[in-house]
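For reference, TrEMBL has these:
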type    : residues                                              : note
BINDING : SER75, HIS105, ARG125, ALA126, HIS127, ALA157, SER253 : phosphate binding site
BINDING : GLU234, ASN276                                        : purine D-ribonucleoside binding site
DOMAIN  : 69-311                                                : domain 'Nucleoside phosphorylase'
REGION  : 1-48                                                  : region 'Disordered'
Amino acid sequence: MNQRRARASESGQPRRDAGPSVPQSGRRPDPGKAGPPQNGWPSQKVTDVNSKEIAAQIQSRAGAEPIRLGLVLGSGLGHIAMQVNGVGIPYSDLEGFPAGGVSGHNPFLVVGEFEGVRVAVLGGRAHYYESGDPAAMRRPLEVLRHLGTEEVILTNAAGSLRSDMPTGSVMLLSDHINFSGLNPLIGEPTDARFVPMTHAHNPAIRTRLREAAVAEMVHLHEGVYAWYSGPSFETPAEIRAIRTLGADAVGMSTVPEVILSCFLGIKVAALSVITNMAAGMSSESISHDHTKAMAPIGAAKLEKVLRRMLRDMA
């Protein structure tokens, strides 16, 4: 905590006396060119292959038609990628993509048709707790942008803080609270890092998801998602605290990708599959195995909503 505080002035503004002088033009940087780590924070892996070149590699294997929707799958939801009629590319073939070390995630990018819409599905994500890098998903999202993606839907497995939102529910994120103290844009050398977050969870996409849920008769909850870095689960005291502050669900992902999507100019919305009640909310045991076991209950509902929304887009 003291190290994080040391990176900001007492006024809460970003430090301006650390690191080399950099241009402050406010111009959004080329998504394919990551700079060196700034202010001591780990940065995404800097390679000789930039995001635009990786996108070209993908197009050579899966076709050059622009992607209409990107989809990022959370724990226990990777099977949805198998429903896409297209080309699967392992992350290991895509330089700078996450290694996919968490069980319940499928480290493949699948590009193809899903309910008549051209999509790119990321079968797994990188979490902060795996590498200590909050920007670990920057490269995949940059690549999606170069593939023409203008909209992304993020999914995750989450714990519920509401008794009326039990295991198996699906929650549409109306907003989020970043309790981690981390940000994937720390070290970004341009003024583009000052991203407004008032409408981070895109209202138009959320409306389409609501309409799809109604059409499929799926009860779609809505609420505020709280991000904790993990990998340990939250304590009952932490859950009581974030309930008081307005959180409805809690998890270990998604918020960095929302921030990065806004930074890259991608419209974004997110859905949580409730896999457990948060600590202190019930007598059930909380574990990653439990998360994976319970994910299919809500995943079936989530898939129905996604399919309907895509059919409406086609």
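From the backbone N, Cα and C atoms, a Cβ is placed for every residue, glycine too.
Taking the features listed in TrEMBL, we show where each one sits on the structure.
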residue: SER75; record: phosphate binding site; Cβ neighbours (10 Å): 26
residue: ARG125; record: phosphate binding site; Cβ neighbours (10 Å): 25
residue: ALA126; record: phosphate binding site; Cβ neighbours (10 Å): 29
residue: HIS127; record: phosphate binding site; Cβ neighbours (10 Å): 24
residue: ALA157; record: phosphate binding site; Cβ neighbours (10 Å): 26
residue: GLU234; record: purine D-ribonucleoside binding site; Cβ neighbours (10 Å): 23
residue: SER253; record: phosphate binding site; Cβ neighbours (10 Å): 28
residue: ASN276; record: purine D-ribonucleoside binding site; Cβ neighbours (10 Å): 23
